[in-house]
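What follows is a short report on a single structure.
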2 protein chains.
Amino acid sequence: MSEHLAVKAGELDAADDLGKLRELFVLDDVVYLDGNSLGALPAHVPGRVEDVVRRQWGELRIRSWTESGWWTAPERIGDRIAPLVGAAPGQIVVGDSTSVNVFKALVGAVRLAGEGRDEILVDATTFPTDGYIAESAARMTGCTLRPLTPAEVPGALSDRTAAVLLNHVDYRTGRLHDLPALTAAVRAAGAVSVWDLCHSAGALPVGLDAHGVDLAVGCTYKYLNGGPGSPAYLYVRSGLQSRFDSPLPGWNSHAEPFGMRPSYEAGDGAVRGRVGTPDILSMLALEASLDVWDGVPVEAVRAKSLALTDFFLECVGAYVPAGRVESVTPAAHAERGSQVALRCDDAGAVMERLIAAGVVGDFRAPDVLRFGFTPLYLGFAEVERAARVLADQLTV
Amino acid sequence: MSEHLAVKAGELDAADDLGKLRELFVLDDVVYLDGNSLGALPAHVPGRVEDVVRRQWGELRIRSWTESGWWTAPERIGDRIAPLVGAAPGQIVVGDSTSVNVFKALVGAVRLAGEGRDEILVDATTFPTDGYIAESAARMTGCTLRPLTPAEVPGALSDRTAAVLLNHVDYRTGRLHDLPALTAAVRAAGAVSVWDLCHSAGALPVGLDAHGVDLAVGCTYKYLNGGPGSPAYLYVRSGLQSRFDSPLPGWNSHAEPFGMRPSYEAGDGAVRGRVGTPDILSMLALEASLDVWDGVPVEAVRAKSLALTDFFLECVGAYVPAGRVESVTPAAHAERGSQVALRCDDAGAVMERLIAAGVVGDFRAPDVLRFGFTPLYLGFAEVERAARVLADQLTV
């Protein structure tokens, strides 16, 4: 059995057009299945960061705000991310954390929805920070917050609904939600959609423009490999930008930031999502990291991602004793992101042993083993090995 | 005249105990008087950043959140900044931009002030972002915003006053405001004080604890040399922390962040000011940068700062034709920060010529030449040269 799957892994790797991208990253003998938490380091990034620190900061100092393009980095890098999530240029700005961007987006969404709409729907199974921030946004805009599952959203929409905050892929189960259908339903109800792309951007096509998404946020340190805590991004559909009213109108979003005017006047376009001075080191490390995407079609990434998770599930099915783990990730491709989550009672202890044995995933309380599959640098032989080592650790 | 001042500069440099710190920084022949905008690069920082990128991110990857101390960096670095602003440990957390922290602080202040207080006083001469954010905080908390000069604050305080946002040092004029007296007045009125320390931290003693300041924010890329856009910080007085109610309750501030609980419960202490995942590269560059402060008393920094600005004003008085420029920085030490601002009609053009001639300050619209004096790496001979070159450019 093991031999058959090892042979199959070799065949899959040989046929993998994206396999050559692995050499763009710093990797070792560990099977790294945690790229959905922190992406691996692209090999050329340290040199680029060194240039930013030594030359741009150290030698040019203040001149770099113009000469090294620091000031315009948030929009410029936003435009680099745009094709990966199906957005035309000029709609994405990079900066702040995902949580801060959720706040901007949700408050902005409620203001866009207008008078008389006073309810925010939020995915009850969301990564917690979205729910916490949604609660604050609701409190500060006089809305009520209604947590529910994404499947319940269409039935819950009404003329009271102001905004709906959903995750494209669930952080725990890896379930991919139906963004086109849910976005259309939200729009049909006259409400404003806000999507969290943390667990989908860089792993599968998102199609923000094509599906008429209103607002979206996402992080850049998972499948986009931007580095630890690299800045998040905010997408505001171009048709909404002139009415987007940020709760964090910092000077970077002003129409004339260096005019030092006492009264606020929002700038035009994506810049309206900026707040304060961007964190340049993290931001330019992210910009460098995005080079690995040059010429890589997101569709090819999606195809490999599904092949990786399919193969992992096949190997787990073959190696792990029946009933020892249960996949909480949907089997259907249309409902699966780029991770596999396995429930098992002693998940915390199992993950510790697994990491010690050279297979890195992560544990999500209370009982989930989470494995992320990053198509840019993961091979099928590693997937087979991961399942084999997992089986060993589960039968200790 | 020139000779006399050049001799005096040499004497001042020879007597300068802090003079040896200059070698800790990357500097060149330029006279860099813009450290109040972007501090110079400490020479050891590139190596530290390289370690963070290559080893901590590249090799340890996700393990660095615990093994490299990433997760606790915001509080740990806050405690490094604390002595520079006169705060006991456990009250400062690093992260986000100054603008975002102003929002947290002001909304938090209004909530601390309690029912019946619905007015926010804000320095009308403030760096604009504070005013823009204050307007948003007022709008979202149902308060009215009242801009006024710091001198007008004591007379404007009432039992309606919820919060007062003031700058310790004015970004444009360099005027140092009376933090102890104003804080006491705000407190006596039952309101909550919020100080912006961007232009004072690292240049002069602040004494947050000693003067009973309630909340404070500041950036770290000016006198603290943390690098371009390095994260800002938030101070919440220990006695207020248990009641501090952040408008941005992201998962990093949760009592049990990895519990992934659907309901929010604020953590204890400074951590309550955290929001989302910290930007590690920028944050650890800042941490490294703070090493230059080891063993440096803030009082000595203040003494040298005043000597530098005194000497610059003396040289400008000697070299520049009378009436060509007018200092808008107070002559009295008690009212002066660590910069000198000179008004002149053609300030924009003059600053361009000055920079081309190797003296870097900055221009603040509409008519101010701004020069920052960073005691850690600036010498008196440079100050004399700057004034001489300025006089040349003013008489072109």
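Each Cβ is built from the backbone N, Cα and C atoms, and glycine gets one as well.
Since this is a predicted model, take the numbers as computed values, not measurements.
Its Cβ placed at the centre, B:Asp196 (pyridoxal 5'-phosphate binding site) has 27 other Cβ atoms within 10 Å. Annotation comment: TrEMBL describes B:Thr98, B:Ser99, B:Phe127, B:Pro128, B:Thr129, B:Asp130, B:Asp196, B:His199, B:Tyr221, B:Trp251, B:Thr277 as pyridoxal 5'-phosphate binding site.
Positions annotated as N6-(pyridoxal phosphate)lysine by TrEMBL: B:Lys222. Counting every protein chain shown, the number of other Cβ atoms lying within 10 Å of the Cβ of B:Lys222 (N6-(pyridoxal phosphate)lysine) is 27.
Proximity to chain A (Cβ-Cβ under 8 A) holds for B:Thr129, B:Tyr221 out of the recorded positions B:Thr129, B:Asp196, B:Tyr221, B:Lys222. B:Lys222 (N6-(pyridoxal phosphate)lysine) is 23 Å away from B:Thr277 (pyridoxal 5'-phosphate binding site) when you measure Cα to Cα.
Each of the binding-site residues B:Phe127, B:Tyr221 was scored by other CB atoms within 10 A of its CB, and the lowest score goes to B:Phe127. Taking a C-beta cut-off of under 8 Å and a sequence gap of six or more, B:Thr98 (pyridoxal 5'-phosphate binding site) has these contacts in its own chain: B:Thr129, B:Asp196, B:Cys198, B:Val217, B:Gly218, B:Cys219, B:Ala232.
Spread of the pyridoxal 5'-phosphate binding residues is 31 Å (greatest Cα-Cα distance among B:Thr98, B:Ser99, B:Phe127, B:Pro128, B:Thr129, B:Asp130, B:Asp196, B:His199, B:Tyr221, B:Trp251, B:Thr277). Fewest other C-beta atoms within 10 angstroms, among the binding-site residues B:Thr129, B:Thr277, are seen around B:Thr277. Taking the C-alpha positions, the distance from B:Phe127 (pyridoxal 5'-phosphate binding site) to B:Lys222 (N6-(pyridoxal phosphate)lysine) comes to 14 Å.
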